[in-house]
Amino acid sequence: MAKEKYDRSKPHVNIGTIGHVDHGKTTLTAAITTVLARRLPSSVNQPKDYASIDAAPEERERGITINTAHVEYETEKRHYAHIDAPGHADYVKNMITGAAQMDGAILVVASTDGPMPQTREHILLSRQVGVKHLIVFMNKVDLVDDEELLELVEMEIRDLLSEYDFPGDDLPVIQGSALKALEGDSKYEDIIMDLMNTVDEYIPEPERDTDKPLLLPVEDVFSITGRGTVASGRIDRGIVKVNDEIEIVGIKEEIQKAVVTGVEMFRKQLDEGLAGDNVGVLLRGIQRDEIERGQVIAKPGSINPHTKFKGEVYILTKEEGGRHTPFFNNYRPQFYFRTTDVTGSIELPAGTEMVMPGDNVTIEVELIHPIAVEQGTTFSIREGGRTVGSGMVTEIEA
């Protein structure tokens, strides 16, 4: 049989499994791929067993080693990319670095245990890094005889979610057994199909990158005699068109306005550049020395320059090439945003004396000059050009 063409007509959604160690995240991932392959066979829906998912390859993302398994599958309505990380540290790194941007996640909780410390931590991380939609899968229900006990566990999970500002009373909770489904028990297979229908319905279709407001981090600037100033870089999101009014944001206190008079890619003139394109944009009314690497070109009003923010950060271990020693309050490294380094100072949370390599922590940062940042912007922490940490902006303060 000929391979089916990749069907782009289906909306694409990124999800993942989160939850405490040994609660069944990887078994559930295997069960989803296997049950979909049995019930909705297609070239995309191929069963993956536990061992192949668990043996996730090491990836390096911004200098950090992360083990992550990527699987894909489809329902009748959607195409999914699903991430599953074997170790707790891999989840923390994945979420904080933005390596795995999830539109929603399935929180797996073993009914035999109820919520555990990493359940709480993954919920908090989801809240911090902007994973807005969680669905709960209460796993291993076949091992619990007592209906009341299941109700108590469900209440406990809902309360915990509400504590972190998720709609704990309303979000879907599905009770099943990933292992039984994997083994082919049709009752539990049906529950996996219910779970996927719920994911289809409950996790909204993500906004496409091209529908978001323009953001183009400036990498290089040059002037063309008689035509003006060109800024080049890779469009992070949105679309840039000839005659667009744009703003140049960051480094300087004030925002500058300009008009795009040309867009080119590979030396060819274009009408527009899209998210993901490497383009040069010709700007009217901007001198060569008025724009620099580290600034961004953005849709007017969509992003502002800031110097103070809260962030969730992961500090690399010595083995990852990070620091060998802890750091303390008022530590002053460089913060690398998109294309440039800016010095800033770190304030640790009350009661935290120091941060050890391998820790993740919420910090307050004050930069020496403003950068275009917003909730969800990722950054690296660097010392003398080497990466010692990775983080994400969770709250703007000034």
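Each Cβ is built from the backbone N, Cα and C atoms, and glycine gets one as well.
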Which range, 3-10, 19-26, 203-210, does Swiss-Prot list as region 'G1'?
19-26
The annotated region 'G2' range in Swiss-Prot, which must be one of 63-67, 143-147, 163-167, 228-232:
63-67
If you average pLDDT over the region 'G4' (139-142), what do you get?
98
Report, in whole Å, the straight Cα-to-Cα distance of T26 (Mg(2+) binding site) from A85 (GTP binding site).
8
Applying a 10 Å Cβ distance cut-off over all chains shown, what neighbour count does A85 (GTP binding site) have?
24
Taking the Cα atoms as reference points, how far is G19 (GTP binding site) from T26 (Mg(2+) binding site) in Å?
10
Under 8 Å by Cβ from D22 (GTP binding site), same chain, sequence gap 6 or more:
A110
How many helix, strand and coil residues does the region 'G4' (139-142) contain under DSSP?
2 helix, 1 strand, 1 coil
Rounded Cα separation (Å) that holds between T26 (Mg(2+) binding site) and V141 (GTP binding site):
17
